[in-house]
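So the structure is just underneath, and the comments pick up after that.
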Amino acid sequence: MAKVTDIVLWDKPGERVLLLGNHAIARGALEANIAVFAAYPGTPSSELTDTMAAVAKKAGVYMEYSTNEKVAFETALAAAWSGLRAMTAMKHVGLNVAADSFLSSVGMGVEGGFVIMVADDPSMWSSQNEQDTRVYAKFANVPVLEPSSPHEAKEMTKYAFELSEKFKHFVILRTTTRSSHARGDVVLGELPEEIKTGKRKFGKFKKDPTRFVDVPAHARKFHPLILEKIEKIREELNNCPFNWIEGKEDAKVGIIAPGLSYAYVKEALAWLGVEDVKILKLGTPFPVPYGLLGKFFDGLEKVLIVEELEPVVEEQVKTWAYDKGLRIPIHGKDLVPRVYEMTTRRAVEAIAKFLGLETPINFAEIDEKYEKVSQIVPPRPPSLCPACPHRNSFFAIRKAAGPKAIYPSDIGCYTLGVLPPLRTVDTTVAMGASIGIGHGLSIAMNGSLAEEEHKEGKEKQIIVATIGDSTFYHTGLPALANAIYNRSNVLIVVLDNLVTAMTGDQPNPGTGQTPHGMGKRIPIEDVAKAMGADFVAVVDPYDIKATYETIKKALEVEGVSVVVSRQVCALYKIGQMRRRGMKWPIYHVVEDKCTGCKICINAYGCPAIYWDPETKKAKVDPTMCWGCGGCAQVCPFDAFEPMKEGE
């Protein structure tokens with residue numbers, strides 16, 4: 001069976017293949033002759049980034065895992081200034097990180113096509129909010145393309161580069177969790193010769209200070225030019241191949257469906273058995289093409305806009321209709337929820353209310369049954385993997401700092417430390433926020449060591465911030481510099497599992513690896529020492545006792561302490577071992593030694609360990625044990641031992 005990375009590079013125009021939405025976008029970028037791709041991984045965009053990393057060398061594309069989205073944006077933007085086709089990708093909250101450069105550079109335009117792929121996450125399946133990128137785009141006056149299928153995602157990617165070059169303007173390709181992760185038929189197009197031969201493309205930057213030096217005197221002229229340009233793009237989108245009107249021409253009711261909502265609307269109409277309706281399928285939620293609106297509204301008596309999250313299309317349509325003097329009812333967020341993702345059910349309920357119909361399914365009855373079943377089925381909360389080094393780090397931190405300590409944390413697998421029995425996460429906000437929050441708490445409760453009023457000699461509030469290795473490089477560095485500079489009193493534990501694990505095992509500056517070979521590794525402890533941290537140490541969390549003792553020592557220091565807890569991600573390590581046919585030790589419980597104290601369950605919480613109610617002893621599920629030996633270290637009665645060959 002062919003790998004996805006092979007399929008994405010197939011030179012088979014016309015071949016129909018099954019691809020994920022993100023994989024289809026990667027193929028589209030290659031068909032568009034992309035030269036530079038830079039991104040920071042973030043679900044639900046990561047598959048695009050990883051696919052580009054896998055094919056970059058073979059396709060002659062420069063690809064990098066940037067340290068954060070702002071840097072990725074700037075890297076790709078500079079390539080586009082140099083006349084190359086460039087792309088950056090990020091999840092929706094990543095655009096917050098890139099926003100400073102994004103909003104400040106829109107007016108400068110581009111030379112080569114520049115596409116910003118942003119993957120939104122309605123319902124927050126893997127995110128801390130469900131912000132709508134289309135609102136950002138409207139604010140910045142950047143056009144948005146939004147696909148309704150994987151094939152359309154591929155074709156839209158190519159069109160986005162063409163649109164960007166035609167107007168020398170940024171273009172956002174907006175997906176959602178469902179469109180990024182949906183699979184569907186994709187018809188392959190022609191690959192450019194440079195991609196097929198793997199010929200690397202190089203650009204040329206032409207100096208123009210009045211354009212690229214964003215001082216007020218230069219920037220002042222940009223705003224009117226941006227507004228003029230977006231209206232020209234609006235006019236262009238009247239002929240966009242991803243916008244069309246379908247259904248009965250003489251219908252009295254109409255539905256506007258942008259992006260993936262179009263697929264839900266089509267399915268909902270089939271459920272309801274409704275055919276006497278006109279549909280405006282929008283692939284460009286911003287700016288909405290007004291010429292197409294005029295054709296669509298002709299003869300209609302009422303309209304429903306079905307869109308996820310914010311009323312971006314609705315506001316544009318209502319403004320246009322008001323200016324045109326149209327006084328027909330236009331419904332949107334009064335019938336379609338403003339929160340969480342679109343579903344077929346939501347589309348059915350909204351359209352049924354709009355048309356005064358009964359839903360074909362009794363959803364209330366289904367909800368009632370679901371509630372009853374939910375009470376019977378035992379909950380299965382997420383947990384850290386067996387052998388996860390973060391569990392050992394948290395166990396040692398909790399033991400050393402105690403339950404009264406405050407534990408700001410960050411975005412990563414380790415956020416699961418909030419759950420029992422570890423309970424060593426008290427706050428999470430955004431990437432890198434653990435150190436800033438930890439510093440703020442320390443200043444608020446302990447004061448700064450630079451202050452005369454510092455609570456010297458008094459019992460200090462212990463604050464232990466935890467942050468991952470990739471997150472440390474992403475946005476942890478400025479916060480660490482700030483804490484050291486302002487003489488904070490906080491312990492920062494960097495949970496270094498030598499990979500960007502949660503988003504798919506991508507490399508980062510701490511690993512030194514890049515898609516093009518070995519870069520330069522930047523050890524976290526060297527950075528902390530260079531910044532002037534008052535205490536720096538490196539521990540192996542698989543040695544719980546040594547980790548505990550080091551953390552106790554760090555807590556005694558007045559100032560900023562940094563402990564790097566370094567051990568490779570267990571899931572990544574086991575995957576590598578499986579591919580190489582290697583084995584790992586499996587632990588079991590010696591029943592005669594087990595007293596049933598439950599420390600291994602109630603304090604440590606490895607998912608491979610469970611309670612046997614018959615023997616009243618702990619047991620290890622051998623299919624889940626990955627042999628880290630943490631259980632043997634936390635058990636006070638030495639009841640855990642590695643199984644011998646043949647047991």
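Positions of Cβ are set from backbone N, Cα and C atoms, glycine also.
Feature annotations, courtesy of Swiss-Prot:
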type: BINDING; residues: Cys594, Cys597, Cys600, Cys635; note: [4Fe-4S] cluster 1 binding site
type: BINDING; residues: Cys606, Cys625, Cys628, Cys631; note: [4Fe-4S] cluster 2 binding site
type: DOMAIN; residues: 585-614; note: domain '4Fe-4S ferredoxin-type 1'
type: DOMAIN; residues: 616-645; note: domain '4Fe-4S ferredoxin-type 2'
Secondary structure composition of the domain '4Fe-4S ferredoxin-type 1' (585-614) [DSSP: H/G/I, E/B, coil]: 6 helix, 7 strand, 17 coil
Integer Å distance between the CA atoms belonging to Cys600 ([4Fe-4S] cluster 1 binding site) and Cys625 ([4Fe-4S] cluster 2 binding site): 14
Spatial neighbours of Cys600 ([4Fe-4S] cluster 1 binding site), counting only the binding-site residues Cys606, Cys628, Cys631 and Cα distances within 10 Å: Cys606, Cys631
Chain-mates of Cys594, Cys597, Cys600, Cys635 with C-beta within 8 Å of site centroid, [4Fe-4S] cluster 1: Val589, Thr595, Gly596, Lys598, Ile599, Ala618, Cys631, Val634, Pro636, Phe637, Ala639, Phe640
By Cα-Cα distance, the member of binding-site residues Cys606, Cys628, Cys631 nearest Cys597 ([4Fe-4S] cluster 1 binding site): Cys631
Chain-mates of Cys606, Cys625, Cys628, Cys631 with C-beta within 8 Å of site centroid, [4Fe-4S] cluster 2: Pro386, Ala387, Tyr587, Ala608, Ile609, Val620, Trp626, Gly627, Gly629, Gly630, Phe640
Greatest C-beta neighbour count within 10 angstroms, which of the binding-site residues Cys594, Cys597, Cys600, Cys635: Cys600
